């Protein structure tokens, strides 16, 4: 309750001081004047943060290393697509190495094929088969060792039942012998059993037959293949393709140029004849890009994905910046043109300067053929906007403690003269028309009225404001500079600063579509 009474007392003293100052400041040449006021209107308002930065983008610096420039397919200023062949290099050393690697691969493959053939033949001889149809007689037993040429079975053919026409009847035996040394591992038939031609009779095993040589040959083939592939990859890397859709900014090589030390080593792990430096290159590195241009083995491509602008926003305002917020951009290079964009990234990593933290904000600029890399851009980020709300010029809003108020203009004030005798009457009018209000977003010119006023309400404005001076040539009247505390606290009086990637000014731009009516 004490605080409430204190506000009332301060308000009464305030009105008394205002009215007294009002009459003390009237001119000697006039005895009356209209009291300036504005009208509460409805319209749109936006709050922005502004700054400056330079256009940059997805810039790729392509460095060509070893080889001779065989072919250049594009020139500076040409547009390219991702995957387009830009340059073709040649290296005789690599060509010779490729031929030798191919020969080594062929020899290793031939050796593998021969050893595989020999192995398969030896393995096939371990299986003893019947040479004809007939009745078999087994001459060995399992576990018995055999040698090449040793009989292991006899197949008797009954000629009377034989298939060969014109042959006399009777029994004829055909010896079955081992072709390799080994041990009888398995006997598949019994003596007296009928067998067919090609049927396996006996399976041998031999420690002398192994696929170890084949496995060794396979390793040699794999090594030869890898060596060949590495050299082939080096040769393929001599064809340089565009990593992105874009435009060639610089190119300082020509056909026939010799690059690097013109040497290759197939055993070297560095197999690429080129590499691509990728990233969003800060505008301050543009001068460093010129150092690339001074090298005969370098080209620079800027992507078509659109330009960006980087701003540094200080710690007090970064909370207002959100990804997706709308951005308007202008440049002195193209007067009268406005470009659009959006906030695409807000860094969480601060940069500390003089004890103040700032954060990088990236603006993705909508594509435009008018823009060029490096242009200086003025940026306005819309951090808040409202449509169809009550608006009042910000000069009309006053502060008392942590509350905002206005003084309503009434018809009773219209015909009041400014004589000293009328001071008490005016003081009473001011006192009776104080209105405390609730405000919303604001910019340099307007403030949103959330509650306390209605559309069409008229509000006094201070004579020291630009609104009052533009509508009342007589400087006498109500001067709000006599209030005990300042006007509406916009908290916008902050110095601008320059940071890497652009400069930033914390200011609120007037994007209101409707303002107050001044009298």
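FYI, residue positions are counted from 1 along the chain as it appears here.
From the backbone N, Cα and C atoms, a Cβ is placed for every residue, glycine too.
TrEMBL: automatically predicted annotations, no manual curation.
Quick caveat, the model's predicted, so the values are computed rather than measured.
The annotation coiled coil is assigned in TrEMBL to 91-118. The compositional bias 'Polar residues' feature in TrEMBL is assigned to 488-509. Under the heading compositional bias 'Low complexity', TrEMBL lists 510-519. What TrEMBL lists as domain 'Multidrug resistance protein MdtA-like barrel-sandwich hybrid' is 66-155. According to TrEMBL, the feature domain 'CzcB-like barrel-sandwich hybrid' maps to 175-259. Marked as domain 'YknX-like beta-barrel' by TrEMBL: 308-381. According to TrEMBL, the feature region 'Disordered' maps to 472-519. Sequence annotations record features per position, and here TrEMBL assigns transmembrane segment to 5-24.
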Counting by DSSP secondary structure, give me helix, strand and coil numbers for the domain 'YknX-like beta-barrel' (308-381). 3 helix, 43 strand, 28 coil
So, by DSSP, how many helix, strand and coil residues make up the domain 'Multidrug resistance protein MdtA-like barrel-sandwich hybrid' (66-155)? 34 helix, 29 strand, 27 coil
For the domain 'CzcB-like barrel-sandwich hybrid' (175-259), what are the DSSP-based totals of helix, strand and coil residues? 25 helix, 28 strand, 32 coil
PLDDT averaged over the residues of the domain 'YknX-like beta-barrel' (308-381): 93
